[in-house]
Amino acid sequence: MALNQSDPLTHIIITSVVCSSVATLLTIYRIFIRRSRLWTDDGCAIFSTCILLLQVASVFLHADTDSGMKRSTRIAAYYLIAITFYAIIWSARLSILFSIIRIDPSGIRRRFLLGVAVAFLGACLILIAQLFWVCERKPQWRDAVSPQCPLSRQVVILQLLSDVASDTILIVAPLQVLRHLEDKGLRRRLMIIFSTCVVTTIVSLVHSAMILTGGGPKVLVAAVVEDCISLIVCNIPIVVSASLRTCQSDPHRSPTSSSLLRFATYARTDNRTADNIASTTLGDVSVTWGRKGFSRYESHGGEGAFSQYESQRTLNESGPQNPAHERMNE
């Protein structure tokens, strides 16, 4: 298929290939980082990437107007672009949500966020159903050389409301978790990283504005960009956290040891033994809650204050206990 650079459909292809390549490479790097401890959030990111590659193929089919392709195939290619648009965005959001669930030490919040995950899945299905409801009622668009359904204001409103609501949840939810981190500097950095979800909202606003101002190929370009940005954003917390650890790691430290993000929950000096330690990782950084072994905690204030000094043994996800170590709070 020859590409005409002045053709708007060519712009869709170029945008799809370039943006999808960046998002896919970032996902591959994420999986490399998490290769020994893959979880649901990684599975959602992999699923989103696979759907993105399917979207790239459908974009090529949609833009090919010179091969004598059947009318039904062109229509199917458009529907495939539209369906994958929602599937990519919402699976990327689920990846972020499950990343938060994985590091959250609160059972109550985890159950609530699992309910939010079900709501995200429901929103995706509703938006896809609405797409078919609107497009099938006005079949005239099917006769175009490069068919594209003219979306109604109702589609834009529902899409925009769901985008703003979901991205707000993804920004607020990690703040409740990260505010208990002992390392204040790391806490601020991770809050900023998770707040990149707002970028998806901004792109969604642009996409919605293009739909309302006439549609056309530029709507598909905006949709492809929004998909890729969503996938990139869902990988950022993992990739950047690992990069921060690499840049700030102690050169004298054993390369097999893990950085620990401690959630302190004691409000008094106490010598005690605690069981049921749980540990997970954010990128290449280990997030640990619970205690195992003999520990001493000295608080700065009421419940939830951070320990000034602690000497403890921790049980890492990947295997045996680390040696006892000491750490001073910032």
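Glycine is treated like the rest: Cβ placed from N, Cα and C.
Those TrEMBL annotations? Automatic predictions, nothing curated.
Owing to the predicted nature of the structure, the values given are computational and were not obtained by experimental measurement.
What TrEMBL lists as transmembrane segment is 12-32, 44-63, 75-100, 112-134, 154-178, 190-213, 219-244. Per TrEMBL, the feature domain 'Rhodopsin' maps to 29-213. Annotated region 'Disordered' per TrEMBL: 303-330, in sequence order. Taken from TrEMBL, the feature compositional bias 'Polar residues' applies to 308-321.
Non-local neighbours of the transmembrane segment (154-178) in the same chain are 89-90, 93, 96-97, 100, 103-106, 109, 113, 116, 120, 123, 126-127, 130-131, 134, 187, 190-191, 194-195, 197-198, 200-201, 204-205, 208, 211-212; each lies 6+ residues outside the stretch with a CB under 8 Å from one of its CB atoms. Each of 44-63, 75-100, 190-213, 219-244 was scored by its Cβ pairs under 8 Å to the transmembrane segment (12-32), and the highest score goes to 219-244.
Sequence-remote contacts of a segment are chain residues at least 6 beyond its ends whose Cβ falls under 8 Å from one of its Cβ atoms, and for the transmembrane segment (219-244) they are 11-12, 15-16, 19-20, 22-23, 26-27, 29-30, 33-34, 44-45, 48-49, 52, 55, 59, 62, 81, 84-85, 88-89, 92-93, 95-96, 99, 148, 151, 186, 189-190, 193-194, 196-197, 199-200, 203-204, 206-207, 210-211, 282-285.
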